[in-house]
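Per TrEMBL, the feature NADP(+) binding site maps to A:A22, A:G23, A:L24, A:G25, A:T26, A:V27, A:G28, A:A29. Annotation comment: TrEMBL describes A:K119 as NADPH binding site. According to TrEMBL, the feature L-homoserine binding site maps to A:E204. Taken from TrEMBL, the feature active site, proton donor covers A:K219. Under the heading domain 'ACT', TrEMBL lists A:363-448.
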Number of protein chains: 2
Amino acid sequence: MADSAGGQARGAQAAPLRIGIAGLGTVGAGLVKLLRGNETIVAARAGRPIAITAVAARDRTRDRGVDLSGVTWHDDAVALATDPDVDVVVELIGGAEGVARRLVTTALEAGRPVVTANKALIAVHGAELAALAERTGVPLMFEAAVAGGIPAIKTVREGLAADRLTRVGGILNGTCNYIMTAMRESGRPFADVLAEAQALGYAEADPSTDVDGIDAAHKLAILAGLAFGRPVAFASVHVEGIRGIDALDLDFARALGYRIKLLGLARRREDGVEARVHPCLVPEKSPIAQVDGVFNAVVVEGAFVGRLMLEGRGAGEGPTATAVAADLIDIARGSAVPVWGRSADGLTQIEALPRAAFHEEYYLRLNVHDRPGVIADVTAVLRDHGVSLRSMLQHGRAEPAPEDGTAGGDPSVPLVLVTHRTRESAMLEALGRIAALSVVIGTPAMIRIDPG
Amino acid sequence: MADSAGGQARGAQAAPLRIGIAGLGTVGAGLVKLLRGNETIVAARAGRPIAITAVAARDRTRDRGVDLSGVTWHDDAVALATDPDVDVVVELIGGAEGVARRLVTTALEAGRPVVTANKALIAVHGAELAALAERTGVPLMFEAAVAGGIPAIKTVREGLAADRLTRVGGILNGTCNYIMTAMRESGRPFADVLAEAQALGYAEADPSTDVDGIDAAHKLAILAGLAFGRPVAFASVHVEGIRGIDALDLDFARALGYRIKLLGLARRREDGVEARVHPCLVPEKSPIAQVDGVFNAVVVEGAFVGRLMLEGRGAGEGPTATAVAADLIDIARGSAVPVWGRSADGLTQIEALPRAAFHEEYYLRLNVHDRPGVIADVTAVLRDHGVSLRSMLQHGRAEPAPEDGTAGGDPSVPLVLVTHRTRESAMLEALGRIAALSVVIGTPAMIRIDPG
């Protein structure tokens, strides 16, 4: 009802902004539904209608639940960039290279504004694309590339533009958060829960981009670049996924008052910038520990604004389409924020600090032989490397081999240690020495602890 | 370190954006500190320096911790609006009428962009000011008016511009949230905690704008206007504060699995728009229940984006100054979003629905005589008004009068009832009848329940 106001009449009369959509997967189809379903709202907010004049996708026959009659169909996505009936190119193909990169580059070179949801492309080639967009004087927008429906880009680049940001990050991959939440709640192992997530459509058939942390790292690199004013070299981001998290770790974390989340963390330090993605123990009472299932959360800290947390759906047809459409409305209104929030003129990439420079508290889980002196051996190594202990946990005793001589019995027990803050270089050396001890079986697990 | 990039050099060379600040209280002084302390960042983001050329405040002698030498001082704030050395007027005086209104009106009439933190002015006169700003073609920005450092305005007006929003609201007053949190944690009564909040500077000497819900209502009216595309008539917002919340209610809420928060709630319904501020029971596991102390939280729901929550500092020098400065950067960059997110042309105010149309679950606390048949009497009235009960709680028994005939003993006991969803009109009639029962002592307490 509120939308029947007079304001939109003017918007509806102006010449439409004509868009071409490359890629008609979930997000592309969602964008068509959003622009059609909210046509009046969008026209009022944009000051003119937004019309879909062209699309590009491989399969013309697949039913996407949207009517594309009257829309020009390009089999070659790159042709959208020079279609005379397209004012703005929407790139929803994905991938840092190949067609997506050629399409975006061609469109920017031709002076066409681009809206993309492609986190890999921006994370890897964002610096050169920004220079290109600035040279031809057109916007390159990518709100949908990070955290779906959460306006994280707009918040960091515009809402907090005046502050000196010191930290940005959060829960940036819904698939991993879903898996870790389900593992915690059900006690089931990673492989089981991953298979279930795949069946439910929360994880891809090839899950590695998600579960190995690469997707989160793309998003983190973009957020860090915006927060600190210079794109971060993607190859310098330290990335660990969640495959190594054992159900045991979730239990121990709970016993210690923590939850485990895959976090992206970027921090400004005196000597450089940290940018990394890895599982973290976070205090169970911290706001970020409450963000469960497929939800994402973005945390930003600045000297003046303090701490801000944004929580919402990080993926899916509706949320991602909302982000793409918001960029289109900004373009229709004539907004012109530079790609990295400041002039690309002379803007060089920053290398993130190496992991040896990290400085954290650490959770260690070892499998040790259940015999006297083990704890003394392990703690002596830590002492020799200047690592001081905060707490220690040992659950259960080893199961003795059955007296009847049959196989069975586990000679090892888990030993969990929590350290005070220490340099990761020292921690890694100590861990190498500990793994080599004869009382330690297999590879120790190490998870960093974050205050959340 | 990251700020030494080349990008800002260009910004620093361009002609500065000259601002005049009217009002040098906490936020005004904070803005001066922010613009001076982050000068390089701000110039890089804005594309040019932002320079303070004039200020207006009553007392020239007060030490505000900032150096204002070389800045023109106006004793009459309205004179800022026509100072030839001022490009943008920043209004930080406050109040819906008087000097603030005259200053903003004069500046807009003179074609000067305005940035304000004045929630009362925008909530009450936002429709006419939008029409004026549109007529003279200048921006009127007010990010700092709602939820301080949380970019709530930008999120609703730009980030979610394409979606049909169905709900907006949240914890919009940090003073009330601090008081309710402290009451819950300490078990102390409202008056005690208020006095403490005043001593700590979290509450004003005259706390009524905060504790009676008026400040939250101003913010809610603005958010609702942005979410639904038309300003909401402020007088139609239903407002209740927190003075009536008893420590007993916090205890009963806890026993029932809830917390009590002062919420602003605006909803789009088929038959109109709800806009209201009042205490609510929210489930203790809901995200908004976790937002404690002086923190604010803004919740937005839309058909496509789903549910989004933004949490951060809603007041204070740093966060509010960050919001004002973000608006200044947007203006420097040439952003031109209409005041209510769409053309003001023909934009009329909406009247919010009356409270009789609300439809909620209700928590009722009665003081009743501890005698047989009381519950039957009370529940019969509810039944007669079509109100069905979900649960009932009674703690303790009345204390009998001492046998020695001395004074003492309390003949009454609290009785708590929780209803299923019902129309507030029916609830109010039933409550009137219940209050008149001879077994009921004093005025029943009624608190609405929100899913959070």
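Placed from the backbone N, Cα and C atoms, the Cβ positions cover glycine too.
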Fill in: Distance from A:E204 (L-homoserine binding site) back to A:T26 (NADP(+) binding site), taken between C-alpha atoms, in Å
13
Worksheet item: Rounded to an integer, what is the Cα-Cα distance in Å between A:G25 (NADP(+) binding site) and the residue listed as 'L-homoserine binding site'?
Response: 14
Practice prompt. Just jot down the residues in the same chain as A:L24 (NADP(+) binding site), at least 6 apart in sequence, with C-beta under 8 A of its C-beta; none if empty.
Written response: A:V32, A:V55, A:A57, A:R64, A:L92
Practice prompt. Starting from the Cα of A:K219 (active site, proton donor), work out which of the binding-site residues (A:A22, A:G23, A:V27, A:G28, A:A29, A:K119) are within 10 Å.
Written response: A:K119
Worksheet item: If you measure A:G23 (NADP(+) binding site) to A:K119 (NADPH binding site) at Cα, how many Å is it?
Response: 15
Fill in: Segment confidence, the domain 'ACT' (A:363-448), expressed as mean pLDDT
88
Practice prompt. Give the sequence-ordered set of same-chain residues, not counting A:A22, A:G23, A:L24, A:G25, A:T26, A:V27, A:G28, A:A29, with Cβ within 8 Å of the centre of the Cβ atoms defining the NADP(+) site.
Written response: A:I21, A:G30, A:L31, A:A57, A:R64, A:L92
Worksheet item: Going by DSSP, is A:G23 (NADP(+) binding site) part of a helix, a strand, or coil?
Response: coil
Item to complete: Specify the secondary structure state of A:A29 (NADP(+) binding site) as given by DSSP, simplified to three classes.
Response: helix
Discussion item. Cβ atoms within 10 Å, counted per site: which of A:A22, A:V27, A:A29 has the most, among these binding-site residues?
Written reply: A:A22
Item to complete: Could you break down the residues of the domain 'ACT' (A:363-448) into DSSP helix, strand and coil, giving a count for each?
Response: 23 helix, 32 strand, 31 coil
Fill in: Distance from A:A22 (NADP(+) binding site) back to A:K119 (NADPH binding site), taken between C-alpha atoms, in Å
15
Worksheet item: Looking only at A:G23, A:G25, A:G28, the binding-site residues on record, which one has the least crowded Cβ, with the fewest other Cβ atoms within 10 Å?
Response: A:G25
Worksheet item: How many Å lie between the Cα of A:A29 (NADP(+) binding site) and the Cα of the residue listed as 'L-homoserine binding site'?
Response: 18
Worksheet entry | Other CB atoms within 10 A, centred on A:T26 (NADP(+) binding site) | 17
Worksheet item: Other than its own, how many Cβ atoms are within 10 Å of the Cβ belonging to A:E204 (L-homoserine binding site)?
Response: 14
Worksheet item: What is the Cβ neighbour count of A:K119 (NADPH binding site) at a 10 Å cut-off, with all protein chains included?
Response: 26
Discussion item. Can you tell me the CA-to-CA distance separating A:G28 (NADP(+) binding site) and the residue listed as 'L-homoserine binding site', as a whole number of Å?
Written reply: 18
Worksheet item: What number of additional C-beta atoms lies within 10 angstroms of the C-beta atom of A:K219 (active site, proton donor)?
Response: 28
